[in-house]
Each structure stands twice: as C-alpha cells, then as structure tokens.
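Remarks on the structure that follows.
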Amino acid sequence: MERKQEHIENYLKSEYRGNNLFDCVYLEHTSLPEIDLNDVDLSVEFNGKKIDYPFMINAMTGGGDSCCDINEDLARLCKTFNIPMAVGSQKIALVEDEAIESFELVRENLIKNENIVIGNLSARESLESVKKAIEMIDSDMFGLHLNPIQELIMEEGDREFSGIKDNIKNIVENVNVPIIVKEVGYGMSKKTIYELYDLGVRYIDIAGFGGTNFSEIEDNRRFDMEFSEFYCWGIPTAKILLEMKDKPDDLFLIASGGIKTAIDIVKALVLGADMTAMSGEVLSYLMHGGYEFAKEFLDSLIYKLKMLMVMLGARNISELRNVDYKIFGKLKEITE
Ligand code: FNR
C-alpha cells in the first residue's frame, strides 16, 4: 500500500520534463471555418459503447485509504463526462482484503452497462489472478501493463520476464472481456505492437515517453543506486503514432504518455489514434485543487477540443484523420 502512496507523492514532486514530441507536429490554422461550435461531435465508439469524449482516465491507483478518495473522485469525473476509467494495479487487493474497497467503489460510482470500467494487473500475472481481478470490480475490459524498466529500477521489482508473451496469449484467449495491453510511459515500438497483435491483442495503449516518468518516480524510492541516466529513456508518443499510421483496422490504438492539453489530444487523433488517455495531468489537478478543480480542467479541455475541431474543419473525430499535418525537427529525424 505504501508503494502506491509513494508513487503519487513522487509523481507530484517529479522535476524531469520529457518530450512526447507532439511539438514537432504542425497543424495549419483556418480563418474561414464553415462549422458551428455546437455542431462538433467529440464522441467515439469504444468497446461497443459510445463515449462522449475521445479520452479516458488511465490506470493509477487503489489500495490504501487515500486511494479510496482518489479513486472515488476519478470515478465521479468519469461518470460526469461519460468517459472510461481504468483503475490502478489490483495486485494489492489480491493479497490484502482491506485493499479491495478502493477498487470496488469505482464500480459503485459508475453505472453498469453505461460507463466503462477497466481493471489492471501486470502482464506477468496468472490467468487466475486476472479472472479474480475482473470479478472484483466487474470490469468491462482489462488492462495488462508492461513495465520492464520500472521493475528493474525498483529494488523489490521483478527480474524475470521470460514467458510473458505466452502468458498474454493465454489470458487473451481465456478471459471474457477484451484485453488492453499498455505500457506505463516508456512507449511501445512498432515491433512490440505487432507482436502483441499476433498474440491476439486488439486494444493497445502505447503509453509513450514524454509524460509521467517512472524512472524518476522509482529512482526517488531507491537509495542504494541511482538511475537518473534512464530519465530520458523511452519512445516518444508522437513517434509511435506516426509509425503505426497504417495499422490494421481492427487494432484499437489508445494514445497516451504526456497527454496534457487539447492540442496534444487533437494531434494524437490526427496522427491516427482511436482515442487518448491521461493519467498524471488529471491527478495533478485533483491533488492540487480537488474534484472541482479537476472538473474545471476537463471542462476547459473539452471546450478547447471543440475550438480546435472548428479550426481544423472537422465535425467529428473520424474527420480529424483527414487533416493535413507536417512533421519536423527531432520527430522527423527519428521516425522511419
Ligand atoms: C501510473 N500508471 C500505472 N499504470 C498501470 O498500468 N498500473 C498502475 O498501477 C499504474 N500506476 C500509476 C500511478 C501513478 C501515480 C501514475 C501517475 C501513473 C501509469 C499510467 O497508467 C500511464 O500509463 C502513464 O502515467 C503515462 O501517462 P501520463 O501520466 O503521461 O498521462
């Protein structure tokens, strides 16, 4: 339980600023938009349901007392905006009964068959544990996280990664909800994404570099070694999206990793993402100013998203994919 609390504290204290390279994507401004703000439709279809906005709140927490408050507020936000909510790793609740409450209350605050709830465990966990975690919160989808660097920096982290692909395949084939495989902020290469696709995974959350930095978060929990050289390690979110432009139609790509503004969201969608996800930025608003502050942030984010759609001449999210863009600078240099 302490670890989850330390992650939040260390996230809020973190200083390193990575770059997801969306600032190397140029979108052209229009002065003659033939679209009314009220006609803009920001909804997307996700797991067979219509969600009102093209973003969700991504996996963060659960377990301790303070996590109850955080998860409850995050769930209330998701209900207010009709967006999906992913809980943090449920591992703690599989071993400590008193940790279950902070996960259960997410389900209680969200409406079954209306709001999407996404469970979470490491991709190294057994099929049996995943089934228990799904049942615990009656989750509509389930997220398996890949975090080898985070584990290797953690003193108490895992050191064994062999067999992970077979494990993922076994889980995908034997659970009754769709599996989302996600990173935690280091990004996934095109090769990794296609390997996951071949294992049967159809929802991938790229969680690219440029936002929450677990090298720094874990480094600040470890005192016998220091790992600052890894603060810059990872694949920038924009690079992954560019390289996945020709992805198969049945692969749903969630863009995350340093998504903080409406411009980030729009650029991710223009580059071909099906939806986006945010963790750290929403958490910052919530921890600094409470539920109302976080709600105001999301209200203004939505207003700005509509503004951008008008300026780009897109009435709905699928029309964003026709918007011309240019890439330049570092993004151009490092992209295939
Ligand atoms: C996370 N993240 C995370 N991911 C996961 O799959 N299981 C988890 O338990 C956690 N825990 C967690 C705690 C905290 C405090 C943060 C900020 C993040 C990772 C998260 O879901 C996301 O992939 C990354 O944070 C990248 O997105 P942002 O934060 O840059 O928007």
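Yeah, the Cβs are placed from backbone N, Cα and C, and that goes for glycine too.
Unlike curated records, TrEMBL annotations are generated automatically.
What TrEMBL annotates here:
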- Arg3, Lys4, Ser89, Gln90, Lys91, Gln150: substrate binding site (BINDING)
- Ala59, Met60, Thr61, Ser89, Asn120, Lys182, Thr212, Gly258, Ile259, Lys260, Ser279, Gly280: FMN binding site (BINDING)
- Glu151: Mg(2+) binding site (BINDING)
- 166-321: domain 'FMN-dependent dehydrogenase' (DOMAIN)
- Message: Within 10 Å of Lys91 (substrate binding site) (Cα to Cα), which of the binding-site residues Thr61, Asn120, Glu151, Ser279 do you find?
- Response: Asn120
- Task: Out of Ala59, Ile259, give me whichever of these binding-site residues has the highest number of other Cβ atoms within 10 Å.
- Result: Ile259
- Note on the structure: In the domain 'FMN-dependent dehydrogenase' (166-321), averaged pLDDT is 98
- List the binding-site residues Lys4, Ser89, Thr212 whose Cβ sits under 6 Å from any atom of ligand 1, in sequence order. Ser89, Thr212
- By the 10 Å Cβ-neighbour count, the most surrounded of the binding-site residues Arg3, Lys4, Lys91 is Lys4
- Item | Thr212 (FMN binding site) CB neighbourhood, other CB atoms within 10 A | 24
- For Ser89 (substrate binding site), nearby residues of its own chain (Cβ under 8 Å, 6 or more apart in sequence): Lys4, Ala59, Gly62, Asn120, Leu121, Ser122, His145
- Query: Just how many other Cβ atoms lie inside 10 Å of the Cβ on Ser279 (FMN binding site)?
  - Reply: 26
- Greatest inter-residue Cα distance in Å for the substrate-binding set Arg3, Lys4, Ser89, Gln90, Lys91, Gln150: 17
- Item | List of residues, in chain order, with Cβ under 8 A from that of Gln150 (substrate binding site) and at least 6 apart | Gly157, Val184, Tyr186, Phe214, Ser215, Glu218
- Query: Within 10 Å of the Cβ of Glu151 (Mg(2+) binding site), how many other Cβ atoms are there?
  - Reply: 19
